[in-house]
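The active site, proton donor annotation in Swiss-Prot covers H106. Per Swiss-Prot, substrate binding site is recorded for S92, N108, V109, R110, G258, G259, R260, and the stated evidence type is sequence analysis. Positions annotated as divalent metal cation binding site by Swiss-Prot: H96, H106, H145, H175. Sequence annotations record features per position, and here Swiss-Prot assigns region 'Important for dimerization' to 240-275. Per Swiss-Prot, site 'Important for dimerization' is recorded for H175.
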Amino acid sequence: MKPDAAQVKTFLLQLQDNLCQQLSAVDGAPFIEDAWQREGGGGGRSRVLRDGNVFEQAGVNFSHVHGDAMPASATAHRPELAGRSFEAMGVSLVVHPLNPYVPTSHANVRFFIAEKPGADPVWWFGGGFDLTPYYGFEEDAIHWHRTARDLCLPFGEEVYPRYKKWCDDYFYLKHRQEQRGIGGLFFDDLNTPDFDHCFAFMQAVGNGYADAYLPIVERRKAMPYGERERHFQLYRRGRYVEFNLVWDRGTLFGLQTGGRTESILMSMPPLVRWEYDYQPEPGSPEAALSEFIQVRDWL
């Protein structure tokens, strides 16, 4: 079947609506929408919930950009895209909770298609979701990964292990030699066996995020915490910033190609701190995190 970009766009807009409704229902605070247009073609809807009861900041962004030619930075590695018009669309979200016992989460699903007359379109899907705890709870990690595995199973036994490994490899801070969190799923360049199969998988990932994350939020959001836990949470959020600005391909691509800076940097935590040569107290819950985020088979 020929790729149907309009069908993908309809799903993504509905996904953004659903996610905002689900997150608002947990928090009680509304999302504020900021609709924007891109000079070169396209636009999007950025939605942000700030200073909520549960979420210090949650951003859910939809974008759909198109143009007559790919930027040079995008065709350098894919010469087959040169001279083609393109469409790129996706939903991405990052949730930074207030309570340090609730992990930060990130999800993204996207579709890309480049066309020129007389040639087959070049297209693919990408996406995934990952979890960044500040205090590790095994039952939360198991639930997160079990949900990821279960949504992958209809697409093949090998899908979850492959995309889990890709996620572990991708969300790695090379300069710190540590994982960003406990991973989840990450996939890109998905275009086989056909459009319908790939689109169905992207939908499963997009819809599966809330099933994976919201039960963890409900379980942890009322846990009492103090200044010490908040202090550690803000310190660890620094790793999130480091990853996004130094290693994340999507952030770098967006900034280098004149993307909408406010939407691209919506993933940043509202408050964060660094501390020179910080060492957690040996044997403390804070010290246990480095062991907890080591790559492992959670299931």
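Every residue gets a Cβ built from N, Cα and C, even glycine.
Annotated features taken from Swiss-Prot, shown on the structure.
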residue	record	Cβ contacts under 8 Å, 6 or more apart
S92	substrate binding site	V60, N61, H106, A107, N108, R110, G250, S267
H96	divalent metal cation binding site	F55, E56, Q57, A58, T104, R237, P269, P270
V109	substrate binding site	L12, L15, G90, V91, F125, G126, G127, M202, V205, G206
H145	divalent metal cation binding site	K164, I182, G183, G184, W298, L299
H175	divalent metal cation binding site	E242, V246
G259	substrate binding site	V65, F253
R260	substrate binding site	W36, R38, G44, S46, S63, G254
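Close to G258 (substrate binding site) in the fold, though at least 6 residues off in sequence, lie G40, P71, each with a CB less than 8 Å from its CB.
Residue counts of the region 'Important for dimerization' (240-275) by helix, strand and coil are 22 helix, 0 strand, 14 coil (DSSP-based).
In this structure, the recorded positions under consideration are H106, R110, and the one with the smallest number of other Cβ atoms within 10 Å of its Cβ is R110. Within 10 Å of the C-beta of N108 (substrate binding site) there are 21 other C-beta atoms, taking all protein chains into account. Averaged over the region 'Important for dimerization' (240-275), the predicted model reaches a pLDDT of 90. Spread of the substrate binding residues is 21 Å (greatest Cα-Cα distance among S92, N108, V109, R110, G258, G259, R260).
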